[in-house]
């Protein structure tokens, strides 16, 4: 008995050391990614300045070429007819031609240096982008490992007899959590974070605009900044809404789904989304677990269509009967090969998650998709769960 306790303590100690090492590695990878991201943003700003300088130098070089050509023509004319010009006029023509030629040579050298610097920055940005993507992927993978090592799956193990099934189930839950966290993180970084960074940069220019270009341009820049802040606020609200629509608790499935689809259509712009509801009233309510599950299923299906199908139209239909709720999502996109998608499970994770959610509700999900003919998904859930 004592030996068993001792073995358990030794194993716990080994596990804790391993977790600490893995967690430390995760922090180091994260720091590398953050440093690379900061350097990337600095280089992007420097690249913008270099490109502007290249443009200005090319413009100046073109002007100097014209002036140099005129000066050489003038010098040639003076040389051919030197008896008609004074010594001072000849000297001035020569000095001007020489000075312009020197300036042109220097500006051409400057252009060459700037172009080389621009090319070098673009190569470094590509390298940094690769480091950032790899660090994000590594952090995500390490987090999955940490969560799996930390998570107690004993209770789930009582429900799952097969050890392999238990492992797959646990990993799938953790991967789903990490995918969602990555999605939210990416949306915040690419949306509000970028917008606010832009606001910060532009706010630093306002004083210079007031000083150099006057109050009218300065006030216009403030107005533009205000619009940027509004856009950032809209993005934050949209992300919050995607995480958990508060209207779902207050209004129910149908009004919330209608609002979500309207907002999604407005946000994406190019895709037309139609919504139809059969056999319901606006204030009809379902049990909370049905409302949340059906909303998430519709959200996932629409999100998949927007990301992958390249469709121009999406139709969402909800039919509520006495015993069932039927959810149908159809798009006119490029479709996909169902057999191939099932074989590549890592590439059909969204559909796999939808299938598992439907199974929990004891429902059925059928998918009909053909390449070039779009996709049709029908989900049928019994209300007697």
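Using N, Cα and C of the backbone, Cβ positions are placed for all residues, glycine too.
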Name the residue among 25, 76, 311, 348 that Swiss-Prot annotates as phosphoserine. 76
Within 10 Å of the Cβ of residue 189 (phosphohistidine), how many other Cβ atoms can you find? Include all protein chains, please. 13
Measuring Cα to Cα, how many Å separate residue 189 (phosphohistidine) from residue 76 (phosphoserine)? 62
